[in-house]
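This report concerns only the one structure given below.
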Amino acid sequence: MYARISVFLSAILATQAAGLHPVRDMLPANHATNDLHDRTTHERAYGAPSSPRSEPISTIHRGQENDTASLIQKGDCVFSAWDELYITDFLQEQLGYLSTSDHCWIIKGVRGLQELLHRNITANPLNNVTIPTCVSLNITSKGNSFSIDFSTNSYEVNGVAEDTFVLLTYVHLVCMTAAFFLAYPMILVLASTPSLCIMIDRPLQEPTKAKIDRWQTIFQTFVFAPLMIGGLVTGIIGMGTSDHARTEHGIVGYITIGLAAIVLPLYLYQRRLSSRPDLTFYMYRRMEFINALDFIICQAILVISGFALPDGIDDFGVMTLCGTNTISTSLIFSLGMIVSFVWNCAMATMTVQWLLSQRLQGGTFRDRAPPWMLKVLRKRSI
């Protein structure tokens, strides 16, 4: 009995003499980094996502130098590598949830992120984290590159400063909304008015018709086209160094602008054909085809442009770090009702014009079919 106790005590003394600790060595060496995973309860209380991190920031093995205790110097700024790892990982997680699920915090911008980070650090005092205010932290999330500066509570997104990006976005929003939800619907209403008046047996007088054509030309060339170009340029500049057409808003926007670029030369060609007094049969058939193509493109522009606006608002909320929190919901609803009124008028006018034209043609499908289709039908009937 005494011999066994003596052997056990000798083993303990030999272990201590070698500089080892039997209890301490049983603990994982990266226990400091695992504290980062134990803050989900606090984050959930302040609106942050409740899912744990997929993997720790770093792992420190026994016998390896603890890099998180080292200092990093950038210019005159000296800060801990552990602080940079901890804060960068926290910001990466918050921006990731913002980009994927539109999970916004209460205070917009960098102030909201700093408030969340401060609460997180306060809830985990053992981590001993200090927010570096003398250096910018670079985060990449869903194609957007953010450079966050806590000393000035400002940021850059894709190389564009915060104030510049917000200004470009507002100009882009105003130009595109005025172009596709105000100017373009008014152009369609003006274009359909002469035909509707003829169909209801109330044709316009030549001076009135010439005035409507003149206003349509003014809206088409001096209002719609400049607004569309201005919105396109500000949108491209606002994206900065990011890849273009990587979001739903960008893809839908490029499709809408491409269709609108086709409409303008079609309109000018229609005016040229309709102004010719010696219109031949083939020119008339060509003009009918162009009118049908123009009708389809106009309807497509009206429908597709309706999807670009909400997608753009979602992208704006992500790239401004929850900047949409400061926008009044009632104001957005009121402006949306005003804009949709003009948009719906254009849709209704073009639909009524098409229905009346089909009604006035009368007869069966065989009576209204073009000659080439009648030949095909006769061959199949034989």
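Cβ from N, Cα, C; glycine included.
For reference, TrEMBL has these:
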SIGNAL    1-19  signal peptide
REGION    33-65  region 'Disordered'
COMPBIAS  34-45  compositional bias 'Basic and acidic residues'
TRANSMEM  170-197  transmembrane segment
TRANSMEM  218-239  transmembrane segment
TRANSMEM  251-269  transmembrane segment
TRANSMEM  289-310  transmembrane segment
TRANSMEM  330-356  transmembrane segment
Range from 170-197, 218-239, 289-310, 330-356 with the greatest count of C-beta pairs under 8 A to the transmembrane segment (251-269): 289-310
Chain residues in Cβ proximity to the transmembrane segment (289-310) (below 8 Å; excluding those fewer than six residues from its ends, i.e. six or more beyond): 176-177, 180-181, 184-185, 188, 248-249, 252-253, 255-256, 259-260, 262-263, 266-267, 269-270, 273, 343, 346-347, 350, 354
